[in-house]
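A short worksheet on the structure shown next.
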Amino acid sequence: MAPPPLATKTSATTSATIVEHSATPLARSSQPHAVPSTANASGPTPNPDAAYEPSSPPSSHDSVTSSPSLPQLHHAAQMGDLTTLHSLLPERNHAASTTTPDDAPNVTANDLDSVGVTALHWAAINNHVQACTFLLERGANVDAIGGDLSATPLQWAARNGHVYVVHLLLKYNADPTLLDSQSFNALHLAVHSSSAFLVAYMLFTSQPIAVDSADTEGHTSLHWACYQGDAISVDLLLRAGADPRRPDGAGLTPLHWAAVKGNAACIKRLVEAGADLSFKEHAGKTARDMAAELKSLAAFKRGLLEAGYHEDGRKQSGTLSPRNTIVAIFIVPTLAFVVILQSLVILPWWSGLLLAFGEIYGMHHIIARVLLGVSGPHNSDRITKSPYLASIITASLLAATYIYLTRMVYLPGHALSQLLCGIGILVCSYNFFRAITLDPGHVPFPVNDSELKEVSRLKQKGRLGRHSGLTSALSGVAQTIDDLVEHGNFNGMNFCLPCLTRRPLRSKHSYMTNRCIARFDHYCPWVWNDGAFNSRPISLHSGRLTLFVSSIVGSNNHRQFLLFVIALVFAISVFLKLSYHYFSTLAPPLAVDAVCNFPNWVCVSARFDTLALVVVFWSGLQLTWTSILLIAQLWQVARQMTSLEVSNVGRHGFMGGKPGVSIAAQQGLVETRTAAAAATSSTTAAVDGEVGDDEAVTRKTPQVRKAGFLLKILGIDRFTTGQAATGLAKSGHVANPFDLGLMGNCRDFWTRGKELDVDYTRLHEIPDGGFRKAVRDRKRREREEKAEFGNGGTASTPLAKGVNKSGRTGYERLAMDEV
């Protein structure tokens with residue numbers, strides 16, 4: 001593994017100005033520097049009576065500036081120079097020493113430089129895992145205190161987000177509860193680094209640190225995370241049991257600090273966790289008062305709205321319950337279709353069209369504004385995440401079925417087409433229902449949030465050992481994290497922070513259901529489901545109520561979705577054929593003196609049966625986008641690729657995508673650090689933003705938003721965003737370890753992975769040579785066993801049911817010329 005970038009001194013930069021209230025959490029010192037020094041390690045001195053400009057944490061990704069005054073041992077540790085370290089510290093010369101280099105006759109691992117810092121400090125802050133290991137093996141004191149901040153190597157590593165060094169030092173019994181001169185422990189410093197993976201490591205690997213441990217001014221890790229606008233760390237801390245109501249020494253709660261930062265995501269999460277909106281700090285100001293004073297009121301209101309609260313703190317409530325609202329969303333379009341069709345039948349075409357457009361607007365207003373609470377472009381996604389579009393499909397199926405049963409079945413001479421159309425409608429309706437109600441393929445949770453909070457509570461009281469069930473629940477998460485860290489794979493590609501579980505290959509975390517979806521294909525607004533019956537109850541706050549949302553096509557409902565599309569295209573095609581014969585056979589010709597401003601066949605059909613003609617036109621419109629979708633889906637099935645992977649090929653050149661490039665939920669510090677860390681595993685960004693979520697990382701103009709919404713409605717947005725078209729063009733040439741050939745790929749899809757013999761919810765490794773070679777080997781073993789034991793032979797070993805298979809660690813690391 002290539003060595004990480006070296007750390008360096010950087011100067012603090014001004015990030016915000018807070019007037020009057022009290023010193024911020026940063027008021028006692030600047031955030032940790034990459035290389036502490038006597039000049040700037042302690043930071044500015046607070047002045048409570050004047051305006052204070054807190055310093056933002058500097059980046060730790062620059063090159064080190066070597067100091068000529070550093071002893072050779074410390075300079076070698078700083079640079080990760082193992083050759084020099086071996087020459088300076090041969091195995092016979094590693095006895096512990098606390099003397100300085102000037103007094104020491106021999107060099108030891110515990111020698112100090114001119115400011116009292118050991119070589120282990122320098123290796124730790126520069127993320128040199130091998131150098132740290134060597135020094136520890138040579139007897140370096142793992143808890144040595146050094147520098148002006150009186151900090152340990154663990155604290156130096158933690159404040160720079162070096163999770164692998166932190167893991168190593170803790171293995172050598174470093175004490176994470178020790179405080180530096182600023183009264184920060186390792187958890188505080190991990191939060192300062194804004195490395196969400198390090199925060200998760202500290203919280204969920206049984207470290208003996210109370211989640212609400214505070215510094216001398218009463219700031220907990222949650223206060224710090226809220227001040228930094230670090231929404232992911234806020235979520236992790238709250239799930240670990242952090243108290244969202246706890247005030248600091250100045251009476252400021254985490255919600256006050258989130259309001260100071262103006263981060264809507266943090267505000268939303270705190271309010272959902274039970275933050276007190278009416279709590280006043282020592283000067284008598286609520287969080288809303290501070291947001292108004294610091295001009296972050298818009299973000300504060302948005303956070304409350306997304307959390308389901310009014311601006312004044314009242315819980316939002318709708319006229320209907322969530323269940324009844326879903327029922328209403330399915331009923332309103334059906335009734336609206338009846339009214340619209342009757343308007344077109346009864347009135348002249350021009351007035352009927354005008355009234356129909358008005359009725360469509362009325363239907364949309366009732367559903368979007370009244371039932372869903374959509375008030376502007378910022379929350380228009382609620383439409384595509386609701387059952388609104390699925391209800392339009394339902395109403396369309398009912399209308400077409402009505403025309404088929406009242407007109408088409410009585411058409412003489414077309415019995416076969418009538419039978420096929422009826423079968424197509426039934427198959428389409430059944431698979432549409434199944435695609436909606438099936439679990440899309442949720443990856444199981446190792447532990448739920450209530451268990452995490454109970455573990456945290458018992459740990460703080462020292463009674464965790466009495467609850468073996470909770471201990472084992474957390475130990476599974478801790479073991480997974482430890483294993484990934486040991487193998488250098490603790491990153492967004494291999495671990496899902498919201499789910500706290502190992503992330504299977506071909507999966508994607510869905511922030512619509514807050515679950516990882518195995519073999520994720522795409523979001524489809526026309527196929528709505530509530531995560532079926534196995535998902536955690538995650539909800540979308542619609543402004544007036546809470547709606548369960550999902551429109552996901554994954555491993556478990558992809559077959560039903562494709563069958564629905566195939567049956568829909570087939571049924572519409574046969575329906576249009578029958579309609580042609582219906583009008584051409586039964587419609588009488590126009591009178592000689594009749595006036596027709598349209599093609600003759602339109603006037604003839606409209607005069608004969610306007611209702612049937614309108615339904616036929618509407619059905620033909622659906623045939624356009626469904627045909628495009630069907631062709632793309634069948635091509636991807638033949639290539640053993642998902643829509644997600646096609647998008648990745650277009651963006652990155654390989655199927656697995658890049659971990660953690662979305663910065664939608666972060667602001668300030670995290671934005672700048674994410675940009676620098678995107679190429680490494682220590683990014684703090686949302687891990688689902690690597691593919692298929694362009695809206696998370698870009699700001700669109702109103703025109704672009706409207707165009708994107710229309711493309712999403714038509715179902716062809718996946719071919720126009722994320723360079724998916726490029727991905728389709730490249731899909732025939734990119735390395736694909738899952739490819740079994742045309743017939744093998746089709747068999748695997750229609751048998752839900754039986755050809756590959758995999759469980760996509762637990763697929764973490766790729767066999768050597770890809771699955772094609774593995775399948776050949778498996779079938780060869782089966783033939784040999786059959787020949788040896790006859791029909792009673794034992795079954796072969798499953799190919800890829802779990803983790804830790806030999807070979808590649810993940811298909812994201814495959815080059816285009818491999819496999």
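Any Cβ shown, glycine's included, is placed from N, Cα and C.
In TrEMBL, annotation is done automatically, which means it is predicted and not curated.
The region 'Disordered' annotation in TrEMBL covers 1-71 (among others).
The compositional bias 'Low complexity' annotation in TrEMBL covers 7-17 (among others).
Here TrEMBL flags 58-71 (among others) as compositional bias 'Low complexity'.
Taken from TrEMBL, the feature repeat 'ANK' covers 115-147 (among others).
According to TrEMBL, the repeat 'ANK' annotation covers 149-181 (among others). Under DSSP, the residues of the repeat 'ANK' (149-181) split into helix, strand and coil as follows: 15 helix, 1 strand, 17 coil.
What TrEMBL records for 217-249 (among others) is repeat 'ANK'.
If you look up TrEMBL, you'll see 250-282 (among others) marked as repeat 'ANK'. Model confidence over the repeat 'ANK' (250-282) stands at 94, taken as the mean pLDDT rounded to a whole number.
What TrEMBL records for 325-347 (among others) is transmembrane segment.
As annotated by TrEMBL, transmembrane segment applies to 353-374 (among others).
Look at TrEMBL and you will find 386-405 (among others) tagged as transmembrane segment. Within the same chain, residues 326, 329-334, 336-337, 341, 367-368, 372, 421-422, 425, 428-429, 432, 436, 525-528, 540, 542, 547, 549, 551, 571-572, 575, 578, 611-612, 615-616, 618-619, 622, 713 sit at least 6 positions outside the transmembrane segment (386-405) and bring their C-beta atoms closer than 8 Å to a C-beta of that stretch.
Residues 393-394, 397, 400-401, 404, 527, 560-561, 563-564, 567-568, 570-571, 574-575, 577-578, 581-582, 585-586 of the same chain sit 6 or more residues outside the transmembrane segment (411-433) yet have a Cβ under 8 Å from a Cβ within it. Taken from TrEMBL, the feature transmembrane segment covers 411-433 (among others).
Positions annotated as domain 'Palmitoyltransferase DHHC' by TrEMBL: 491-529 (among others).
Taken from TrEMBL, the feature domain 'Palmitoyltransferase DHHC' covers 548-646 (among others).
Residues or ranges marked as transmembrane segment in TrEMBL: 561-583 (among others). Sequence-distant contacts of the transmembrane segment (561-583), counting only residues of its own chain at least 6 positions beyond either end whose CB sits under 8 Å from a CB of the stretch, comprise 400, 404, 407-408, 411, 414, 417-418, 420-421, 424-425, 427-428, 431-432, 434-435, 521, 524, 527, 553, 601, 604-605, 608-609, 612-613, 616, 619-620, 622-623, 626-627, 629-630, 633-634, 637.
Beyond its flanks by at least six residues, the transmembrane segment (611-632) meets 341, 344-345, 396, 399-400, 402-403, 407, 562, 565-566, 568-569, 572-573, 575-576, 579, 582-583, 602, 605, 643, 714-716, 718-719, 728 of its own chain at Cβ-Cβ distances under 8 Å. Residues or ranges marked as transmembrane segment in TrEMBL: 611-632 (among others).
The region 'Disordered' feature in TrEMBL is assigned to 775-819 (among others).
Counted with DSSP, the domain 'Palmitoyltransferase DHHC' (548-646) comes out as 71 helix, 2 strand, 26 coil. Sequence-remote contacts of a segment are chain residues at least 6 beyond its ends whose Cβ falls under 8 Å from one of its Cβ atoms, and for the transmembrane segment (325-347) they are 318, 353, 355-356, 359-360, 362-363, 366-367, 371-372, 386-388, 390-392, 394-396, 398-399, 545, 547-548, 610-611, 614-615.
Taken residue by residue, the repeat 'ANK' (217-249) breaks down under DSSP into 17 helix, 2 strand, 14 coil.
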